[in-house]
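What TrEMBL annotates here:
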TRANSMEM  20-39  transmembrane segment
TRANSMEM  88-108  transmembrane segment
TRANSMEM  114-134  transmembrane segment
TRANSMEM  141-159  transmembrane segment
TRANSMEM  171-193  transmembrane segment
TRANSMEM  205-228  transmembrane segment
TRANSMEM  248-268  transmembrane segment
TRANSMEM  280-298  transmembrane segment
């Protein structure tokens, strides 16, 4: 005898299966999004976005948002972005916002009938696309937050059944959506009009009123409230206005919401045709159709090179030199210039720059000094070298350039450096100006409190230098040459001839530039004052080449070049004789690619186009 299952009970079972499947898919997607951000984009996205902003609790900060269309959505996004300071929490917050869009969108579609059982996986299309825009540094958390708020208002609208309540509520909700989420109010208008068009009874007067309101309210706000371009007044926080976000993925993600909603409403008219009876089969079909493209999109927008550079910048700021050196040891890629730059700073801080310089990838002199570019991150990178060399005034200048040119708002990274430099300069007025901003930032309050204590110690003791900070060098005013680092290095050494870091940077600059005559001149004038027991390895190898080129063996005795270095050069020359063959070239590289001998033979000057290709920007 066959078991008989009533149709009503069978339908409830199917609905339960679909509901459970939807919840599982939501959990899987949120986990996937959070894991992708935390493990693969912790520095490139989470840390970079957090350091480019500074959420504060003072009224002045709130006011800067309220005078912009969608200001409250922006403010909410900024509030949540501050928690990117804690990477795991930040990844979970972004995943929660994106997943909430999926959940609210699914709740909206459920009100269209049982067709939502068939369509619960395509709800992921918009959120997958919105997640894939994360590689755009102008895409902020307030963009999905604005969409989420708008969908939430529309869900409230659908709860109202009586026309006498729903119609005025629609007007109020639209106005609220506009002033809270900016141009995303158009999304509310499209969804509202679509919903009303599919109702059995509709009011054309109401629909026309809503459309007119959508056209008039932004105009009134543009004329009387916001100081902003007209297109921003109408389309703020959408891909139709912000030129930095006019990319295809964001546009498709935004448009897919009304398109899918209209499609659902159409399919709802043919409910008996698409009423499924095998949820497991359709789940098995839909999961790869949605998740595989999502994984492909995440892989496509992932940028391991930029992630690595951002991590090096993060570790350099915190003085984690061993981690920086470890990264520089193995990496050679399109971002070779900043990798060399940060690695060389770390080697210098460890006192090993001239000893092991050629154990690491070198990109000519551009790995020692980054070319000046008017970009708010590049100026911070450049300022890092000045900061570590003790040229605090110029480090302050670079940080200030970044601080005032940040495209969104004052960034926490530049602000922290401004606090540190004004502290070392004993500049109370400047210190107070910047520390107060951080004291209004919840995630930096404790850090700011600690800096105040250190600053008081600096004022009380003129020789005090906080742990981890460089000792400022005493220099009078002079013109810093960003295009000619030799001028800066010479000035430092003329003031303090015992500055080993400056000497090694200057000597290595000429080594990487293949200018042994200038290198030897620096040796003659400044080497004796440094106090080496014996020359560092790269300098010894350069002295050997110089002695051979000038046929002056006395150079080797003058600088006490080690016997092992001369023997290494002899072995190098022996293999050089067979370097015309592939086997000989491979052997030469294997044995000597970490020597100045090998670099001197193979290096060539780079033109500016090559430099830009190797740089992050």
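Here the Cβ of each residue, glycine as well, is placed from N, Cα and C on the backbone.
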Same-chain residues at least 6 beyond the ends of the transmembrane segment (20-39) with a Cβ under 8 Å from one of its Cβ atoms are 45-46, 87-88, 90-92, 94-96, 98-99, 102-103, 106, 120-121, 124, 127-128, 131, 134, 279, 283, 287, 291, 294-295, 298, 302
Long-range CB partners for the transmembrane segment (141-159) (under 8 A, at least six residues beyond its ends), listed in sequence order, are 49, 70, 73-78, 80-81, 93-94, 97-98, 100-101, 104-105, 107-108, 111, 130, 133, 166, 169-170, 173, 176-177, 180-182, 184-185, 187-188, 191-192, 195, 237, 245, 250, 254, 257
With the cut-off at Cβ under 8 Å and a gap of six or more residues from its ends, the chain residues touching the transmembrane segment (88-108) are 22, 26, 29-31, 33-35, 37-38, 42, 46, 50, 80-81, 116, 120, 123-124, 126-127, 130-131, 134, 141, 144-145, 147-148, 151-152, 154-155, 158, 191, 257, 260-261
Same-chain residues at least 6 beyond the ends of the transmembrane segment (248-268) with a Cβ under 8 Å from one of its Cβ atoms are 105, 108-109, 112-113, 115-116, 118-119, 122-123, 125-130, 132-133, 136, 139, 143, 147, 151, 187, 190-191, 194-195, 198, 238-240, 274, 297
